[in-house]
Amino acid sequence: MTNNPQAAVSIDAIEKLPIWRYFLLAYLFSWSVSVPLMLSVRGIIDIKLAHELEMLAAMGPMLAAFYIARRYGGKAAVKQLVDSCLHFRVGAFWTAFSVLSPFVLLLGAIIFLTVRSGEIVNLDSDGVAQMLTMAGLFKLLVATSLVQSFGEEPGWRGVATPVLRSRFGPLQASFMLFPLWLCWHLPQFLARPEFGVGQFIGFSVGILSATIWLTLIWDKTRSVLMVFFWHMFINIARNIGLAISPAVFMTMNTGVLLGAIAIAIYWWRTKQT
């Protein structure tokens with residue numbers, strides 16, 4: 001058996017899929033739910049829609065991925081996509097990296113703030129207490145983490161990234177995917193009237209940073225499962241950080257950004273841009 005995690009998964013059929021058809025379908029599937037929800041929240045349409053419909057909208061990229069794979073790549077592309085979604089033999093390092101690095105970033109933020117202020121970060125905040133309720137745990141573990149990662153990653157990293165990487169370097173592919181992934185989130189962002197320009201800028205930087213991290217993980221593993229883990233756990237870690245305090249949240253996000261810059265420098269120094 002090969003020791004190369006990438007060699008365990010073939011992606012030649014996926015690389016030939018029509019990427020713009022995928023993007024259009026992912027937007028169509030998701031926005032057909034998230035746009036009416038956003039209009040409902042803002043009172044533009046006189047229909048009350050449950051905010052939980054966002055979880056249905058999150059399935060758009062996955063549904064588009066499997067439809068495009070079956071329609072344009074046949075059984076071979078579907079099999080390769082399923083294989084990548086189930087691929088777990090990626091080596092101990094990349095498994096640990098995908099699962100643990102989000103919590104290392106969270107712990108690093110807490111330690112940094114403790115050292116800088118000379119006081120232990122208060123972990124018994126009102127935000128933490130609210131997070132530990134049944135509703136809070138459902139939102140943390142299911143709605144904003146498991147569902148979003150499960151619905152998004154078979155599309156963005158299972159189809160879009162392989163197609164882009166077959167034509168461009170990892171940094172170029174990340175920069176091309178970033179605005180499309182960001183804009184896909186717009187109805188969800190606009191469904192939160194309390195968010196303003198500052199939050200959008202921060203959200204955009206977070207999406208760009210995450211795109212770079214996830215491209216690295218996919219490059220090294222060819223595993224949708226591993227990028228699913230990282231996406232899910234970074235959402236969990238970020239929400240825990242926000243529950244503790246805005247300072248922990250912002251410091252952790254800075255760590256994610258610095259990590260993305262380090263990855264970009266690594267690609268540049270190894271001539272992989």
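Numbers here mean position along the shown chain, with the first residue as 1.
Every residue gets a Cβ built from N, Cα and C, even glycine.
Quick look at what TrEMBL annotates:
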type     : residues : note
DOMAIN   : 138-236  : domain 'CAAX prenyl protease 2/Lysostaphin resistance protein A-like'
TRANSMEM : 20-41    : transmembrane segment
TRANSMEM : 53-72    : transmembrane segment
TRANSMEM : 92-115   : transmembrane segment
TRANSMEM : 127-147  : transmembrane segment
TRANSMEM : 167-184  : transmembrane segment
TRANSMEM : 196-218  : transmembrane segment
TRANSMEM : 224-241  : transmembrane segment
TRANSMEM : 248-268  : transmembrane segment
Restricting to the same chain and to residues at least six past its boundaries, which positions have a Cβ under 8 Å from a Cβ of the transmembrane segment (92-115)?
-> 5, 121, 217, 220-221, 223, 226-227, 229-230, 233-234, 236-238, 240-241, 244, 247-248, 251-252, 254-256, 259
Could you tell me what the rest of the chain brings near the transmembrane segment (53-72), counting residues at least six beyond its ends with Cβ under 8 Å?
-> 13-14, 16-18, 21-22, 25-31, 33-34, 37, 78, 80-81, 143, 147-148, 150-156, 158-159, 184, 187-188, 191
Stretch contact, the transmembrane segment (127-147) with the transmembrane segment (224-241), Cβ-Cβ under 8 Å, 3+ pairs = yes
Restricting to the domain 'CAAX prenyl protease 2/Lysostaphin resistance protein A-like' (138-236), report the mean pLDDT as a whole number.
-> 96
DSSP residue counts for the domain 'CAAX prenyl protease 2/Lysostaphin resistance protein A-like' (138-236), split into helix, strand and coil = 86 helix, 0 strand, 13 coil
